[in-house]
Structures are given as structure tokens and as C-alpha cells.
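Working notes for the structure below.
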There are 2 protein chains.
Amino acid sequence: MRIVNLTKEATENILENLLKRSPNNYGDFEGSVAEIVANVRKNKDEAIFEYSKKFDGADINADNILVTEEEIKEAYEKVDETLLNVMRKALVNIRSYHEKQKQNSWIATEDNGAILGQKVTPLQRVGVYVPGGKAVYPSSVLMNIVPAKVAGVDEIIMTTPPGRDGKVNPSTLVAAKEAGADKIYKVGGAQAIAALAFGTESIPKVDKIVGPGNIYVALAKKAVFGYVSIDSIAGPSEILVLADETANARYVAADLLSQAEHDEMASAILVTTSQKLAEEVSKEVDGFVAELSRKEIIQKSLDQFGYILVADDMETAVATANEIAPEHLEIITVNPFETMTKIRNAGAIFLGEYSSEPLGDYFAGPNHVLPTNGTAKFFSPLGVDAFVKKSSIISYSREALQPIYRDIVQFAECEQLTAHANSIRVRFEDKKN
Amino acid sequence: MRIVNLTKEATENILENLLKRSPNNYGDFEGSVAEIVANVRKNKDEAIFEYSKKFDGADINADNILVTEEEIKEAYEKVDETLLNVMRKALVNIRSYHEKQKQNSWIATEDNGAILGQKVTPLQRVGVYVPGGKAVYPSSVLMNIVPAKVAGVDEIIMTTPPGRDGKVNPSTLVAAKEAGADKIYKVGGAQAIAALAFGTESIPKVDKIVGPGNIYVALAKKAVFGYVSIDSIAGPSEILVLADETANARYVAADLLSQAEHDEMASAILVTTSQKLAEEVSKEVDGFVAELSRKEIIQKSLDQFGYILVADDMETAVATANEIAPEHLEIITVNPFETMTKIRNAGAIFLGEYSSEPLGDYFAGPNHVLPTNGTAKFFSPLGVDAFVKKSSIISYSREALQPIYRDIVQFAECEQLTAHANSIRVRFEDKKN
């Protein structure tokens with residue numbers, strides 16, 4: 001794995017290279033996605049059944065689009081008991097962490113009868129998109145559904161593309177059932193997103209759509225944003241390990257590879273103050289890669305977006321981490337909590353040498369749906385917040401309004417909004433005034 | 001003002017009519033906005049100076065784009081002292097409310113050395129867009145800047161279009177200074193949004209862009225979403241008053257008109273269980289309109305999107321309010337707090353007959369930037385949350401990881417992510433394994 005000295009120039013080049021991972025070919029697909037969305041909006045079920053035939057080769061209709069209790073029972077029979085048990089253990093942790101994120105409604109009162117507050121209300125109906133295809137990630141099903149469930153969403157609708165046989169992958173179904181999906185529909189791609197956004201005869205309209213997907217799904221989500229809410233659009237995965245000379249090179253190497261294996265666009269970066277660690281990690285990486293089942297993907301990812309960066313001091317190393325704003329940040333330094341205080345931008349922060357990144361992917365409890373590609377500068381992990389919305393509360397007595405009513409009238413009149421002024425004045429001044 | 005009996009069919013027609021207020025002509029402008037954004041991204045300052053010449057007729061360059069301390073001093077001399085004093089009083093309330101929204105970082109510890117948590121970090125740099133033109137709303141400047149300031153954002157950059165004389169409206173400048181803007185740049189339109197999103201020689205790149213604007217600004221914000229974060233895209237204003245026979249018809253009428261005066265696309269709706277109130281309000285509205293300075297706008301708004309709806313019972317009335325999901329909801333019933341418990345969807349809720357909507361626009365403290373056009377079903381008022389982001393914290397000791405490490409390995413292997421499994425296993429199993 002390449003080792004680079006961390007100069008200002010090197011950082012800039014690397015940042016530029018990493019940003020190349022953003023899909024630039026959106027334009028090529030926007031037309032066809034717009035067409036699918038418009039068609040589903042207009043022709044509803046008829047359109048989605050046609051697309052399921054065309055894109056998934058599946059014969060879906062109003063009678064079989066909804067996954068039945070029987071199909072779920074079959075799925076349970078097919079899924080390995082060990083996986084089911086692990087899922088259930090993970091669910092306990094995921095629920096417990098997200099419970100801690102819940103925010104209460106609040107009010108603040110004053111003696112004169114003024115009350116201000118904020119009401120927190122769960123969204124009513126949410127759509128969770130789950131991709132189909134060969135790669136099946138039941139952990140992702142759990143991570144998308146649990147925060148909605150904990151937030152108190154009334155109805156969680158899942159959609160996922162069917163196979164040619166009209167069936168859904170059993171692990172996906174079992175994960176959905178365990179996490180608490182209320183209904184599961186067999187439809188995928190941009191047509192699923194449009195169906196969730198506008199509703200069809202079979203599929204009810206939702207308030208928000210979350211979940212990963214290919215470029216069609218991502219563009220469809222962007223297209224329906226505003227009609228419904230969406231989560232952010234996920235990019236390729238990344239890990240940045242921030243380490244000093246106290247880190248175990250073998251652990252660091254293994255952790256870098258855990259993200260590099262995701263896909264060829266994934267990025268794995270070590271930033272360290274130790275030249276010795278840099279060299280050892282580089283060697284350990286080479287050793288591991290040869291043994292791993294996904295070595296082709298890993299090698300391409302490392303060649304394109306893998307770096308071992310050697311910094312003069314921890315301050316520079318931290319600044320680089322903040323500039324890259326990685327999805328996953330591991331801190332393996334002599335005092336990781338102290339280092340953490342200087343971190344501004346990261347999706348999830350893993351502290352110390354036993355907090356390996358996959359612990360967060362599967363088990364610890366925090367969400368693994370995290371901001372990618374530098375967006376940790378302004379986006380947050382998926383969480384309970386994403387499934388509630390707030391309303392301000394304002395209640396003033398006559399006694400509270402009286403002493404300030406002229407101020408409001410004045411402000412409104414300065415903005416030339418005389419009907420605003422009138423609505424306050426009418427409560428205190430005579431009709432004839 | 002028209003009175004309609006609230007049947008299911010009437011509600012559906014009204015909802016459909018209200019949604020017509022969403023701009024449908026986005027397509028006509030997308031091309032030119034994309035061109036402006038691309039040009040500014042490539043040619044930076046040069047491009048924005050050209051657009052300022054072309055669109056604002058102003059001669060802006062690198063030496064005068066930043067508003068100077070002297071210009072701010074001049075603005076203070078021009079602004080009415082009364083307005084300044086009212087602004088300062090309002091600011092105290094706005095700050096105090098938003099302080100209550102602040103969320104702390106938290107951690108939760110376990111005896112075995114496991115620590116989970118959530119770190120809350122303010123965004124580093126934020127851009128606030130303020131429209132130019134004839135209508136000047138200093139209250140809107142306060143409402144967009146204060147939550148960012150309270151959140152702890154390091155640097156707040158404001159942009160607003162200059163007049164032909166290269167100057168900015170003095171009330172806007174004074175409001176910006178009072179609220180705490182760090183820098184103010186004279187640039188407007190789609191070019192300002194692109195400059196904030198990508199940075200130019202003069203204007204630094206920001207993490208998030210907020211603030212209202214015309215269709216060019218709205219489309220530019222949608223175009224740069226993902227490169228930066230944005231607030232939601234605001235539509236025309238609306239008020240819904242939910243009232244029973246105890247309400248004062250004169251107050252209700254005045255409040256309806258306070259929103260109808262915003263623009264011709266604004267909507268004012270009364271939903272009441274009292275036929276008597278409906279008739280009285282209708283009469284009072286007619287009386288007021290004749291006297292108000294913005295009567296042409298008000299009349300058009302009422303003709304198109306104004307309704308007095310008479311419901312059989314409060315349950316139906318509440319259901320209709322939730323279905324419409326208004327930006328502003330006034331509840332003037334015998335027990336407004338009890339009625340409020342049944343409200344799911346509203347941007348701001350005003351309780352009782354002295355909580356007139358303009359109290360919230362200017363003075364009470366909660367933000368007046370609220371979700372419009374039915375989006376209160378899934379969006380929240382602008383607030384401190386919009387200017388922070390979160391990072392998950394995961395710290396496991398060896399003791400905490402040991403008993404569950406095989407579970408994680410198993411889950412990863414079920415998903416065929418062997419490098420994930422390896423990164424956990426390497427910490428417990430022998431190199432030769």
C-alpha cells in the first residue's frame with residue numbers, strides 16, 4: 001500500500017482524487033428516471049407492474065405485490081438459525097442506542113401567561129428501500145427500520161425488487177420482520193421510489209423515503225424530494241484510521257481492508273505520525289490481501305483510493321482527518337478520547353484498538369448509515385431525528401401580549417405588512433381607531 | 001369570503017387546489033440555472049461580477065464585494081431608531097428560544113468498558129441568502145442568522161444582491177450586524193448560491209446554505225444539494241385557523257388576512273364547527289379588506305386559496321387541519337391545549353385568542369422559517385438542529401468485545417464480507433489460524 005508524506009499539496013491532491021468518487025454521470029440517467037417517475041405518478045400500479053416485468057423479469061400484479069405472512073414464514077424456514085440469533089442480539093443493541101436519541105417535546109412558561117415550546121411528532125408513514133441483486137445485507141435492513149420504529153412511526157413500508165421467480169431474498173424478509181416492517185412490497189428501482197412518493201392503487205404514499213440504492217434509485221429520490229422527505233444520497237464507503245506509534249499495525253491493516261472490500265470506489269486511508277507504523281501497516285496489508293476472498297475488489301480500491309499518509313505531528317494528522325471528513329474514523333492513539341475532542345467531521349468515531357469498524361456495522365448499536373464522501377461536514381448518521389418533525393408552540397395571554405403589542409405593530413409596519421399590524425392592533429384598539 | 005361545507009369531497013378538492021401553488025414551471029428555468037452554477041464553479045469571481053452587472057446593473061468587483069465597516073456604520077445612521085430598538089427586543093426572545101433547542105453530546109457507559117455516544121458539533125461555515133428587491137424583511141435576516149449563531153457556527157457569511165448603486169438596503173445590513181453575521185457579500189441570485197457552494201477568490205465555500213429566494217435561488221439550492229447542505233425550499237405562506245363557537249370573529253378575520261397579504265399565492269383557511277362564526281368571519285373579512293393597503297393582493301389570494309370550512313364536529317375539523325398540514329396553525333377553541341394534542345402536522349401552532357400569528361413572525365422567539373405547502377408532514381421549523389451535525393461514538397474494551405466477537409464474525413460472513421470478519425478475528429485469534 002502506498003506511503004505518502006503529508007504535505008499541504010499531497011492533501012489537496014488526495015482530496016481532489018477522493019471527490020472523483022462522486023458519480024459524475026448523473027446526467028446520463030436523469031432523463032430515463034424522470035420518465036419512470038412521471039409514468040408511475042400517472043399510471044400507478046399499471047406502470048410499476050410493467051417495469052417489474054421489464055427490469056426484474058418478474059410477473060407482479062395487485063394480488064402478489066404484497067409479501068404475504070406465508071412467504072415470511074417460508075423465509076424463516078430458509079434462514080440459518082445462527083444468523084437469526086445474531087440478528088436478534090444486534091437488534092437489542094441497535095434499539096437500545098436509538099432509544100437514547102429520542103427527544104422530548106418541551107414547553108417553557110413565564111409568569112405573565114406566555115408559553116413557548118416545541119412539539120416532537122413522529123412521521124406517520126415511512127418507506128424503506130432495500131436493494132435486491134446478489135449482495136444481500138440484512139444488517140442494512142435493521143439499520144434503516146429500527147430508528148423509524150423507535151421514533152414511533154405509525155407504519156413502515158418496505159419495498160425491494162423481486163427475483164425472476166417473484167420472490168424476495170429470505171434474509172431480507174426475516175430482517176424486515178424482526179426489525180418491525182409493517183408491509184413489504186415487491187417493487188424496486190426508480191419505480192419503487194415514485195410509487196412511495198405519489199402512491200398507487202397498491203402502495204400507499206409515504207412521508208419520507210430512506211435506504212440505499214443504485215443510481216436510478218438515488219436520482220429518483222432526488223427527483224421526488226419536496227413531495228416527500230428523503231435521507232441523504234449515499235456514496236461509496238470509506239475509513240480513515242488516525243494512529244500514532246502505539247497502534248498495532250496488524251489491527252490497523254485489517255481494519256483498512258474491511259472497508260476496501262466494499263467496492264472498487266471505497267477508500268481506506270491511514271494517517272499516522274509514525275513512519276515505522278506506516279511501513280508495518282503497508283506490509284501487513286499486502287499479507288492480508290493475498291488471503292482474502294474479495295482480493296480483486298480490495299486491490300482496485302487500494303490502488304485508486306488507498307493511502308498511508310505520514311504526518312509531521314498529530315495536529316496536522318487531525319486537520320487532515322477533519323478535511324477528509326470520513327464516514328468511519330478510527331482513532332488509535334495513546335489517548336483516543338483526547339484526540340477525539342479535536343475531531344469535527346466524521347460520521348462515526350471508533351476509539352481505541354478494540355473498536356474495530358465492523359463492530360459498528362453490525363453490533364454495537366449506533367447506525368451504520370453514515371454520511372460519505374466528505375458530507376460528514378454537514379450531514380449526520382441516520383437516526384431517530386430523521387423520523388420525527390417538530391412544531392413550534394406559541395401561547396400568549398392578553399397580559400403577556402399587551403406590553404409588547406406596539407412593538408410588533410411597529411415591526412410589521414416597517415416591513416409594510418399592514419394586515420400583520422392590524423391583526424395585533426385589533427385585539428387592543430377600538431373598532432373605530 | 002367563501003363558506004364551504006366540509007365534506008370528504010370538498011377536502012379533496014381543496015387539497016388539490018392548494019397543491020397547485022407549488023411552482024410547476026421549474027423546468028423552464030433549470031437550464032439557465034445550471035448554466036449559471038457551472039459558470040460560477042469554473043470562472044468564480046469573474047462570473048459573479050458579470051452576473052451582478054447583467055442582473056443587478058451593479059458594478060461589483062473584488063474590492064467592493066465585501067460590505068465594509070463603514071457601509072455598516074452608514075446603514076445604522078439611516079435606520080429608524082424605533083425599528084432598531086424593536087429588533088433588539090425581538091432578538092432577545094429569538095435567542096432565548098433557540099438556546100432551549102440546543103442538544104448536548106452524550107455518552108452511555110457500561111461496566112465492561114463499552115462506551116457509546118453521540119457528539120454534536122456545529123457546522124464550521126454557513127451561508128445565509130437574503131433576497132433584495134423592494135420588499136425588505138429584516139425579521140427574516142434575524143430568523144435565519146440567530147439559530148446558526150446559537151448553534152455555535154464559527155463563521156456566518158451573508159449574501160444579498162446589491163442595488164444599481166452597489167449598495168445594500170440599510171435595514172438588511174443592520175439586522176445582519178445585530179444578529180451576528182461575520183461577513184456580508186454583495187451578490188444575489190443563482191450566482192450567489194453557486195459561489196457559496198463552491199467558493200470563489202472572494203467568497204469562501206460554506207457547509208450549508210439557508211434563506212429564502214426566488215425560483216432561480218431555489219433551483220440553484222437544489223442543484224448544489226449534496227455538495228453542501230441546504231434548508232428546505234420555501235413555498236407561499238399559509239395560515240389555518242381552527243376555531244369553535246367561542247372564537248372572536250373579528251380576531252379570526254384579521255389573522256386570516258395577515259397571511260393573505262403576503263402574496264397572491266398565499267392561503268388563508270378557517271376550519272370551524274360553528275356556522276355562526278363562519279358567517280361572522282366572512283363579513284369581518286370583507287370589512288377589513290376594504291381598509292387594508294394591500295387589498296389587491298389579499299383579494300386575489302382569498303379568491304384563489306381562501307376558504308371558510310364548516311365541519312360537523314371538531315374531530316373532522318382536526319383531521320382536515322392535519323391533512324392540510326399548514327405552515328401556521330391557530331387554535332382558538334374552548335380548550336386549545338387539549339385540541340393541540342390531536343395535531344400532528346403544522347409548522348407553528350398558536351394557541352388561544354391572543355396568540356395572533358404575527359406575534360410569531362416578529363417577536364415571540366420561535367423561528368418564522370417554517371415548512372409550507374403540506375411539507376409540515378415531514379419538515380420542521382428552521383432551528384439550531386439545522387446548524388449542527390452528529391457523529392456516533394463507539395469505544396469498546398477488549399473485555400467488551402471478547403464475548404461477542406464471534407457474533408460479529410458470523411454476521412459479516414453471512415453477508416460474505418470476509419475482510420470485515422477478518423478485522424474482528426485478528427484481534428482474538430492466532431496469526432496462523
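Note: Cβ is positioned from N, Cα and C throughout, glycine not excepted.
Of the residues proposed, A:Asp182, A:Asp207, A:Asp313, A:Asp361, the one TrEMBL records at the same Zn(2+) site as A:Gln259, A:His262, A:His420 is A:Asp361.
Among the recorded positions A:Gln191, A:Ser237, A:Glu327, A:His328, none has a Cβ sitting under 8 Å from a Cβ of chain B. In the structure as shown, the Cβ atom of A:Gln191 (NAD(+) binding site) sits within 10 Å of 29 other Cβ atoms. For the recorded positions listed here (A:His262, A:His328, A:His420), the lowest count of other CB atoms within 10 A around the CB belongs to A:His262. Of all the recorded positions listed here (A:Glu327, A:Asp361, A:Glu415), the one with the fewest other CB atoms within 10 A of its own CB is A:Glu415. Rounded to a whole number, the distance between the Cα atoms of A:Gln191 (NAD(+) binding site) and A:His262 (substrate binding site) is 26 Å. Around A:Ser237 (substrate binding site), the same-chain residues at least 6 positions away in sequence with a Cβ under 8 Å from its Cβ are A:Gln259, A:His262, A:Asp263, A:Ala266, A:Ser267, A:Glu327, A:His328, A:Thr372. For the pair A:His420 (substrate binding site) and A:Gln191 (NAD(+) binding site), the Cα-Cα distance reads 45 Å. Least packed by the Cβ count within 10 Å, out of the binding-site residues A:Asn214, A:Gln259, is A:Asn214. A Cα-Cα distance of 18 Å separates A:Asp361 (substrate binding site) from A:Tyr129 (NAD(+) binding site). Close to A:Tyr129 (NAD(+) binding site) in the fold, though at least 6 residues off in sequence, lie A:Met158, A:Thr159, A:Thr160, A:Gly188, A:Ala192, A:Ile193, A:Leu196, A:Ile209, A:Val210, A:Gly211, A:Pro212, A:Gly213, A:Val217, each with a CB less than 8 Å from its CB.
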